[in-house]
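Colleague: My questions all concern the structure below.
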Amino acid sequence: MSSAPLLQRTPGKKIALPTRVEPKVFFANERTFLSWLNFTVMLGGLGVGLLNFGDKIGRVSAGLFTFVAMGTMIYALVTYHWRAAAIRRRGSGPYDDRLGPTLLCFFLLVAVIINFILRLKYNDANTKL
């Protein structure tokens, strides 16, 4: 009989078991991607509306919003594929992204500020009392 206590850890082999990635992880990544695309379609719709029914300033703003929407679509696609590959490789890294939403907010803020500045400057030039 062994003299070692029963509950004591003994140095032994580690058994390598394949870890299973739950399907809900892939679906969550896909839902996030579709949410980003939903936002970009709305932003692109705003750009098209400004382009069709706006004046010269509206066309400038439409271009800005359309470029922000297209950039966001590309960002969402790259992020989706990066996360999907990391999930397939069972990467342990963080999957959150602080840079993308921050840049999106910054570019939207710039587009809105440019729209306001052009609108105020254009209206002040045409409405002299």
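Sequential numbering from 1, following the chain as shown.
Every residue, even glycine, has its Cβ placed from backbone N, Cα and C.
Note that the structure is a prediction, hence the values are computed from the model and not measured.
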Colleague: Using Swiss-Prot as the source, do ASN29 and ARG88 end up on the same side of the membrane?
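Modeller: That holds: Swiss-Prot puts them on one side.
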Colleague: Is the topological domain 'Cytoplasmic' (81-98) packed against any residues at least 6 beyond its ends, judged by a Cβ distance under 8 Å, and which are they?
Modeller: 19, 21, 25-26, 29, 32
